[in-house]
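Colleague: The structure is given below, and queries will be raised subsequently.
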Amino acid sequence: MAANKSVDRLKRFLGIDPEQYRHDDSVFHDDGSYIEEEPSVKDALLDLVPTVRGTLSYLRELFPFVNWIFHYNLTWLLGDFIAGVTVGFVVVPQAMGYALLANLPPEYGLYTSFVGFLLYWAFATSKDITIGAVAVMSTIVGNIVIDTQKTHPDLAAETIARSLALISGAVLLFLGLIRFGFIVEFIPLVAIGSFMTGSALNIAAGQVPGLMGISGVNTRDATYLVIINTLKSLPKTKLDAAMGLTALFGLYFIRWFCNFMGRKYPHRAKTWFFISTLRMAFVVILYILVSWLVNRHVAKASNAKFKILGTVPSGFQHTGAPQINVEVLQILGPHIPTTILVLLIEHIAISKSFGRVNNYIINPSQELVAIGFTNLFGPFLGGYPATGSFSRTAIKAKAGVRTPLAGIFTAILVLLALYALTSVFFYIPSAGLSAIIIHAVGDLITPPREVYKYWKTSPVDVVIFFAGVFVSVFTTIENGIYVTVGASGGLLLFRVAKSPGKFLGKVTTQPVPRDSVRGGAGLSLDSPDNESSHAAFIDLYRGDLSNPQVPIKSPYPGVFIYRFGEGLNYLNSARHLDILTIHIFKHTRRTQLNKYDKIGVSPSTSLFLSLSPPLSPSPPTKSKLPQTNPARTGPPVERPGPAPRQGSQQRRDRGAADAARRHPRLHRRQRAGRDGRAGADRPAQPVRPLRRPGPRRVALRRRHQPLDQARPGGLGLRLRPFPRRRRRRPRLRRLRQGRRSPVGGAANRCCRDGRQLARPQGRGPRQD
């Protein structure tokens, strides 16, 4: 109790009324009803404290394999074995070629792939993806190695690559453990496609000199410079071109032939798929045999007829902890964001796309844990940064993989290659590896049909896509990443801040088959037998390209339905509030028009609204104001609004009102004469209410014209002061037969019984 009093005193000292937020609902508990209590700060803090059940659920999410390992069977084992061995035949030549992209010896690609296949299955939520050495990440690592060695030549390339993997793995593991996987949702698909296309063009252009045996071309320059220098150096082509071009042609021919035979013989499609998958292994084995026949008497790789891979050490020759110190952290610090971004983009994009294709979902936070754990412990066996591979994932999915355990069989095959096949790798032609890399990255280029989908979805995304590709081609891959991600983030903020809110109207819709529409069969929505028709709400201003012939109705008089385009937050709250205010002021009117008696009392917002144009065009509507005739009996009739009065007519009305105030008997006789003139052919007119003359006032008056004829720049409100007139005493006239009426004039002469006299033909005076 004392604590509560102290808290109340502190609140009063800070200017907070403690009774304002205190509600006593104890009286309602007697009848057995449940009263929801207001949440407190203590409750909010207690929600952050982990519970026992939450801790067990968190630990279970860290090791997803416990959900399926106890259901493992022989059918799953057979599918995993076939998929794992198939991927193993592909990854061995690819990994050695990708290691050369990273400016590392070829065995580092095998180390990286082995660690990825061995560790990923325990933390994976995707059964299809494979982690290992990839082309894009290897190119990024190679660029970082070259840039670092320019300023620090004492650092070895292996040290830079392994330290980079350790640091990025630790960051990714931390993000995954705190469940920050949602950050990958800020990277849109268009940015990923642009990055992949630019990277594929960069890698393919850089492998052409190796394919042709051309030396002296810096493949780390911008893509356009590499292409220009390669074309200039075509006369330097060597024998390697024969090995490289034929290998590249063989890879594409085998894939085309297998796809053709699979379509021609659908019952043999699975067999032709496996043959197509093993095409890289067939080409490598074939050209190893050719190279051995040509260079079997060569002891050194430099003395070969064409460039070959050379000596590959057997086993794990580079184990141990990587060199990490303050100097290495300062050197690699600027390159850490690029490395983490590439790891995220490739892995999460590939895993989510294959999850959608194969009807399962992934946990992005857990995938961050998986790639973080792999890159954290991979450098201890000689690995460099590894992430998901698109080509190997596609092969693994088509091979019939069942669980992530298929990576174990691939790791066994890579381990066998490290210990038993290194002597055979000596004769692999370098041009053949270049052909394999070009063939692999060709699938990363975004096809035109996908770009057309971007155009149909949002034309601005196409601009971002080509901007990222051009920046990657004319500068570097890293700049392309930053441009696409930055432009996509800016577009997201712009769309949120300028979210287009819409007012909705009610229409009646009915689903109609396309065949019936083409046949000209019409359906009536007014039929009582039509049970499929239902009410829908569409844009009131028809900004959604709806049928212009369908009438849009208001859901209820005085009720407005407003839909937020991108949600309501602090970025767009002011814009939505302005749209709502202008629309409601435009389509409603005040209940008290002469509420403000003085000009200083009138709010300035009325003047602002009269000068501000609407944010969106007004739909064409027909306005009919109901008017009631006090001289008639029965229901009110609808008549168009009165025409705007001129200034002279207003002055005459004010004069008549002033005269009637001073001479009530005269005013009564005039009313009697006016009502008496109303016959069957001429309805009686309502009597205009009297206004007391007073000081100069300002009133809000609406223009008396339909909404469809209103000026588009205004809102129907304007400030118009009453005219200042001289107060004069009216002249007294006797109302006699055949003389003028002080109010009606000469045209309103009447007889004593109130009948209106007909005017004879000609110019002579009236005869009573």
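Cβ coordinates come from backbone N, Cα and C, glycine included.
Per TrEMBL, the features are:
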TRANSMEM  81-101  transmembrane segment
TRANSMEM  108-123  transmembrane segment
TRANSMEM  129-146  transmembrane segment
TRANSMEM  166-192  transmembrane segment
TRANSMEM  241-260  transmembrane segment
TRANSMEM  272-294  transmembrane segment
TRANSMEM  368-387  transmembrane segment
TRANSMEM  399-420  transmembrane segment
TRANSMEM  457-474  transmembrane segment
REGION    610-768  region 'Disordered'
COMPBIAS  650-661  compositional bias 'Basic and acidic residues'
COMPBIAS  662-671  compositional bias 'Basic residues'
COMPBIAS  689-704  compositional bias 'Basic residues'
COMPBIAS  721-739  compositional bias 'Basic residues'
Colleague: Can you tell me which of 129-146, 241-260, 272-294, 457-474 gets the most C-beta pairs within less than 8 Å of the transmembrane segment (368-387)?
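Modeller: Per the Cβ count, the answer is 129-146.
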Colleague: Taking the transmembrane segment (129-146) as reference, which of 81-101, 166-192, 241-260, 399-420 has the most Cβ pairs under 8 angstroms?
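Modeller: Maximum Cβ contact count belongs to 81-101.
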Colleague: Looking at the stretches 81-101, 166-192, 272-294, 399-420, which one shares the most CB pairs under 8 Å with the transmembrane segment (241-260)?
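Modeller: Top-ranked stretch among 81-101, 166-192, 272-294, 399-420: 272-294.
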Colleague: Is the transmembrane segment (81-101) close to the transmembrane segment (399-420), in the sense of at least 3 CB pairs under 8 angstroms with a sequence gap of 6 or more?
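Modeller: Counting Cβ pairs under 8 Å (6 or more apart in sequence), the transmembrane segment (399-420) reaches the transmembrane segment (81-101), since there are 3 or more.
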Colleague: Are the transmembrane segment (457-474) and the transmembrane segment (81-101) close enough that 3 or more Cβ pairs fall under 8 Å, when only pairs 6 or more apart in sequence count?
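Modeller: Checked: the transmembrane segment (81-101) vs the transmembrane segment (457-474), no contact.
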